[in-house]
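K.L.:
What follows is a structure written as structure tokens; I'll ask about it next.
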Amino acid sequence: MHALGNDYIVINEFDGEKVKNKEEFSKKVCRRRFSIGADGVIFIQKPSSNNYDVKFRIFNSDGSEAEMCGNGIRCFSKYVYERILKKNPLKVETKAGLRVCELEVEDDRVKKIRVYMGKPSFKCKDIPVKSEKEEFINERAELKNPYLKEVNITAVSVGNPHAIIFVDDLEKIREHLDVIGSEIENLPIFPERINVHFVKVLNDKEIKILTWERGVGYTMACGTGATASAVVSNRLGFTKDKVLVHLDGGDLEIEIKDDGAYMKGDAVMVYDGVMFREAYEG
Ligand SMILES: N[C@@H](CCC[C@H](N)C(=O)O)C(=O)O
């Protein structure tokens, strides 16, 4: 499945066979050209308590498990509604806590999904960021790569960690995104690494972002990243509480309310497959 070109292999463990070593499996099947190829793998599981309808787990293409994934949870909820459970809204257990997916359905097909993304946290201990300060807002960081010497970072958690950097020229960053993005992802101040987003503010209702994801690299879109970017833009006074976020793969609507952030967008079912052992062994 994919959501705005952020592509995931979705595996039904709710009523299907379970994958034993999920880290190793995800690393293998996400290799483009050698296997199926994807930005990550999503597992649908039975929830651990009656507080939830279903459980969501997401592994990046490098095998690391993330707490949450915005594009992934839209794919997941479409799959769950169309094939497993006709529940709407859907209460989803994630490593980041409860996420609620409201589904717009037409002729039994899920067209759009609005997701409650939880309450963002700017606290260094929640993200985490190694700093004496309580929050890491617009802090200067020096870089070693030859293309970008320093950046001003605001760090936020929307369940998973994000570094937001405002720039005027996204295309200049894009030319060397692999070098710049991976340096920031792995800065020692971020002990669990971090997702990196370069943000251009277009006006007080629209932003454009370029993403480098922790454990993946460049992706065409990041739902938690779009949420984090909108939250930071709002906190710094650049945008209002409803923002249209333009990503390389398409647009997402983000709304910031008193109880937390909401993300709305679509998801696409691409194909069903039967995988051969050679695709994930050896
Ligand atoms: N693409 C995702 C985020 C996936 C997880 C991320 N790479 C992490 O490690 O936190 C999204 O749409 O939110």
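Here the Cβ of each residue, glycine as well, is placed from N, Cα and C on the backbone.
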K.L.:
From Asn138, Asn186, Asn195, grab the residue that TrEMBL records in the same substrate site as Asn6, Asn60, Gly70, Asn71, Asn160, Glu213, Arg214, Gly223, Thr224.
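P.N.:
For substrate, TrEMBL names Asn6, Asn60, Gly70, Asn71, Asn160, Glu213, Arg214, Gly223, Thr224; of Asn138, Asn186, Asn195, the listed one is Asn195.
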K.L.:
Taking 8 Å from the centroid of the Cβ atoms of Asn6, Asn60, Gly70, Asn71, Asn160, Asn195, Glu213, Arg214, Gly223, Thr224 as the cut-off, which other residues in that chain fall inside it around the substrate site?
P.N.:
Ala66, Met68, Cys69, Gly72, Thr211, Val216, Thr219, Cys222, Gly225
K.L.:
To the nearest whole angstrom, state the Cα distance for the pair Asn160 (substrate binding site) and Cys222 (active site, proton acceptor).
P.N.:
12
K.L.:
Using a 10 Å cut-off on Cβ-Cβ distances across all protein chains shown, tell me which of the active-site residues (Cys69, Cys222) has the largest neighbour count.
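P.N.:
Counting Cβ neighbours within 10 Å, the top one is Cys222.
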K.L.:
Between Cys69 (active site, proton donor) and Gly223 (substrate binding site), how far is it from one CA atom to the other, in Å?
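P.N.:
Roughly 7 Å, rounded to the nearest whole number.
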